[in-house]
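Chemist: My questions will all concern the structure given below.
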Amino acid sequence: MAAGTLASRITGVFRDIALVAAIGTGVFSDTYSVANSIPNIIYILIAGGAINAVFIPALVRHMEDDDDQGRQFTDQLLTLVGLVLLGIVVLTVLIAGLIVHLYATRLWTPEEFDVATMFARWCLPQIFFYGIYTLASQILNSRNSFSLPMYAPIVNNIIVIATAAIFISLMTAVPTASSVTSSQLNLLGFGTTLGVMAQALILIPALSKAGYRFRPNFDFKGVGNGKVGNLAKWTIGFVLVNQITFLMVSNLTTLANALVSGDPGTVAVGFTSYQKGQLMMMLPHSIITVSVITALLPRLSRQAHDKDLSAFGGELSASLRLVTALIIPSAVFLLAAGPWIGALLYGYGASSAAQGAALGAVASMFALGLPAFSLFYVLLRSYYAQENTKTPFMINLGFNALHILIGLALFSLLPEGLQVAGLALGYSIAHAITCGLTWLRVGKRVPEIRGNGHLRLMVRVVAASFVSALVAYLLVRLTITNQTNLSALRLGLAIGIFAATFSLIYLGLAKVLRISEVSAVLALVRRK
């Protein structure tokens, strides 16, 4: 699973590199990025959260309790969700302009709003295909088939990379809302949605191979109400609160770019930079934490169903320890090397090295909160495994309140150019506070995660990570003394030296400090 996720994320990085090279990080790129985010936002808001949090536990229960191993329930849910998503696509395409105005700064010109609306109309059909992909993935996971859903995004990424390459070949200057043609806009919009469609449809043959054949079932009794409906209610509330916060982030980041638009002496840092910086942070989370949880959640659900609380606590504790030992060094690495990585990956075409470095600095601010984000993600899954969605909703209310307050304060206090990084820092601070409080709350009902054992592990991992980063950084500065205007070759050399030194020292310190989780992962890799 980790290999599939790694391959998907690596091609995802190349997709983002191609897109930034094609559209840059200025206001035009924000029109595309905002429009392409809207389908995912609407999908998660309407159906995605409920499916992710409720579908696996409910499906596990029906597979174990029903005579047909949950086939009827699965058919009913697939039919209902498919019809709902098709209706949502039609409605949102009709009101695309109104939706775009919700997520963008009022400083955009009418032409920029028109471009974003055109992109949105192309991208909104993705909502339906997100649903197909998510549901098919969950069915495969519930049948212990984990690999293909991890590899499917590669197809999406390849299609978008090809689309960006064609767009670059058609452009002669940095694109703006006034310089691009309708054909070029249609190319970007169509290619983006084609990728999502391919990602979803590639899973359909795998369902038959896993022993499931879909038969439409329009008897929805008991699917949208009762226990599952009640669980979904809280999960939808959870994602609704997240989207209220995202509205703030989207408006502020597009505002940050619009404020400096047209000033040749400023570096463009806006919604696209925030989004790509967050995706850089999500790479280690997706490879490490999501892979752990994808395998863990069905087991936790079965243990909760069987009321085997001792095994439940042991699984949760082991997962938290494994994520701690791997995600903290990843966060420290990105914190230190973020600007170098950003300049190397995103400093070409319609972008520049300075814009890439600024994007990387945003990623560094996200990296500060990566450990808390990943551990919080694991802790919340302990509630979902027990089909408790009300408590995560209440916890999430607190997180988003903190995020909004801290984000607004930092955005208003920091000067232009640092405001978007300030929003990322606010995100990290809010996650750190919320994760700590959630750990204490979960510990009251799961004694296996209480005590000083986890804290001692964190201290050892943090110490090993920062020592490794300090030595690696000093070695880079000794090797490459002039850090201004680094070429791509010198940036690659700096990152390579830093990564190799950091990894070797961390692995050595992990052995000295007896961080057994790292040794276990290394042993697994050697066996593979």
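Just so it is clear, glycine is given a Cβ too, placed from its N, Cα and C backbone atoms.
Below, the features straight out of TrEMBL:
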type	residues	note
TRANSMEM	80-103	transmembrane segment
TRANSMEM	115-133	transmembrane segment
TRANSMEM	154-175	transmembrane segment
TRANSMEM	187-207	transmembrane segment
TRANSMEM	236-259	transmembrane segment
TRANSMEM	279-297	transmembrane segment
TRANSMEM	318-346	transmembrane segment
TRANSMEM	358-380	transmembrane segment
TRANSMEM	392-414	transmembrane segment
TRANSMEM	420-442	transmembrane segment
TRANSMEM	454-476	transmembrane segment
TRANSMEM	488-509	transmembrane segment
Chemist: Same chain, outside the transmembrane segment (420-442) by at least 6, Cβ under 8 Å from its Cβ: which residues?
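Modeler: That would be 249, 252-253, 256, 269-270, 273-274, 277-278, 316, 358, 361-370, 372-373, 375-376, 379-380, 382-383, 391, 395, 398-400, 402-403, 406-407, 409-411, 413-414, 449.
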Chemist: Same chain, outside the transmembrane segment (154-175) by at least 6, Cβ under 8 Å from its Cβ: which residues?
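Modeler: Distal contacts: 7-8, 11-12, 14-15, 18-19, 21-24, 26, 28, 184, 187-188, 190-192, 194-196, 198-199, 202, 349-350.
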Chemist: Within this structure, do the transmembrane segment (279-297) and the transmembrane segment (392-414) have 3 or more Cβ pairs under 8 angstroms, counting pairs 6 or more apart in sequence?
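Modeler: Contact criterion not met.
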Chemist: Given the transmembrane segment (454-476), which of the listed stretches 80-103, 318-346, 358-380 has the most Cβ pairs that are under 8 Å apart from it?
Modeler: 318-346
